[in-house]
Structure formats: C-alpha cells, structure tokens
Amino acid sequence: METVPPAVDLVLGASACCLACVFTNPLEVVKTRLQLQGELQARGTYPRPYQGFIASVAAVARADGLWGLQKGLAAGLLYQGLMNGVRFYCYSLACQAGLTQQPGGTVVAGAVAGALGAFVGSPAYLIKTQLQAQTVAAMAVGHQHNHQTVLGALETIWRQQGLLGLWQGVGGAVPRVMVGSAAQLATFASAKAWVQKQQWLPEDSWLVALAGGMISSIAVVVVMTPFDVVSTRLYNQPVDRAGRGQLYGGLTDCMVKIWRQEGPLALYKGLGPAYLRLGPHTILSMLFWDELRKLAGRAQHQGT
C-alpha cells in the first residue's frame, strides 16, 4: 500500500466510507427492520411484515415511499465519517509505528482502531438505528421513537436522558466494530497480497483491491452479524427516565435473551441483507480507500 500521513488516511477513510454509505443505506434500512422483527418472541408467534430481502425492500417502499429506503442517511453519513475517520487514522498510526508488522498486529490494531471509532460515532449510530426503525403502525417492528430529524433526535435524547443518553447501546457497538474492523483490515491486507501474488490481475489495477474487498467482506459478515443484531436491539430499545434499557441490561443480557426466547439462529437475523449491505460496503469502502491512497501517495511523491 502507498504510505500516506495518518491525517490524510483520516480524510480518505471517512470519504471512502461515506461514498459507500450512499449506495448501501437502503440495505441498512431493510436489515434493521428484519433484526427488530419478532423481538423477544418465539419463532412463528408473531406477524412478519418483512419476509426476505426483495419482499422487504418492496414493503419499505410501499410503507414509506421510495425515499424511505434512504431513511437515516444523514445520520449514517455522520456515523461513517466519524467512526471511519477515527478508525483509519488510528490504524494508520499503528502502521506508521510498525505495530502491524508484528505477529497478530493487524488484528489488534484493527480491533483497537475500531473500538475507538465506534465510541466516537456511537451517538450517530444510535439516531440512525432509531430513524430507520420508524415507519407506519401497520409495518412497525421494535420500539418506535418518533423522531423527525437528526437534530430533533439529538435534542430529544439530550433533554430526556442527558449527555450520557447519546451513548446508549455503546456497549454493543464497540464489540461489533472491534470484530468487524479487525476482520476487515486484517483480511483485506492479506487477501489483497494473496491476489497480487497469484498474478491474475495487473499489480496496480483497481481490480486487485476489488478482489481483496470481496474476500474480506465474507469474513466481516460472518463474525459481525451476531454483534450487529445485538447492537441494533440495544440502540433501539426503550429506556426509563434514568436512561436504563427496559428490555436489555447490556451486551451479554441481550445475547442470552435472544438465544433463549428466539433461538440461536435469531443472532443471524437479517443475514442476507447484512451481507448485501456489508459486502458491497466493505468492497466499496476498501476499494475507494485503496484508490484514494494511491492518488494521495503519488501526489506526495510528486511534491517531494
């Protein structure tokens, strides 16, 4: 990979992931609805307004209009910019310090960078999840928060729960992004190196990064989906006046309740849309990031 300063990686990583978010946000809306459907209810005992990917896309469009497929986009872009800016900046610092050259260094650096990014971006993810869950009563799943805008949601949460209320659900978000970031950054680097070694494609071709992203996306979805389901539930649950969740006490409590009341496969609810969202998002993010790094690296070399 081209070597660029960490500050440049911050801008490039945030920009790449925001570009990817524009294309994948409709998949995020569908995934969120599927993950909330049948919350804490045994399989077969609840109505299913969302069934399968294509039918769910159509259901969202009918209930909320075509623009409903981009619900929460502004909050999603804010989250991607904050989370991935911090994540890529910290990972770049680790690379610059030589930590990623140590055994297991890419996994550890990716996990730590992801945890920091998730913490910083958590308020935006909270609002994104709650906005994407909102719909008409006949199609509603999960708790309905009835926010009107991103700023309105921020004001409501701040007024009712205080500053700490904006970090509701962060206990599920940090592990979610840690495992996803570690899998993504570690497998992308190794997958891209493997593809280059096979010499199937020109070494400087964008297709090398595309192939690496495709391989990386599989690992990301497999390890991340259970944490993704839990994170969605923690972010969307109703809270009492003290800001405590009324359904779940935290990450472990949520996992146990889902397992016991909905069955272990419920931890993979929305897997299809999750892959269709995380797959392209991973591929596009890593492709955009890699290509932007090449351009920045070349510009840096030309300027010296």
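Quick reminder: no glycine exception, Cβ is built from N, Cα and C everywhere.
Automatic prediction, not curation, is the source of TrEMBL annotations.
Per TrEMBL, the features are:
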{"type": "REPEAT", "residues": "4-97", "note": "repeat 'Solcar'"}
{"type": "REPEAT", "residues": "101-194", "note": "repeat 'Solcar'"}
{"type": "REPEAT", "residues": "204-295", "note": "repeat 'Solcar'"}
{"type": "TRANSMEM", "residues": "206-227", "note": "transmembrane segment"}
Seminar exercise, completed: Checked against DSSP, the composition of the repeat 'Solcar' (4-97) is 72 helix, 0 strand, 22 coil
Problem set entry | Structural state census, the repeat 'Solcar' (101-194) (DSSP three-state) | 75 helix, 0 strand, 19 coil
Exercise. Looking only at the repeat 'Solcar' (204-295), what are its DSSP counts of helix, strand and coil residues?
Worked result: 73 helix, 2 strand, 17 coil
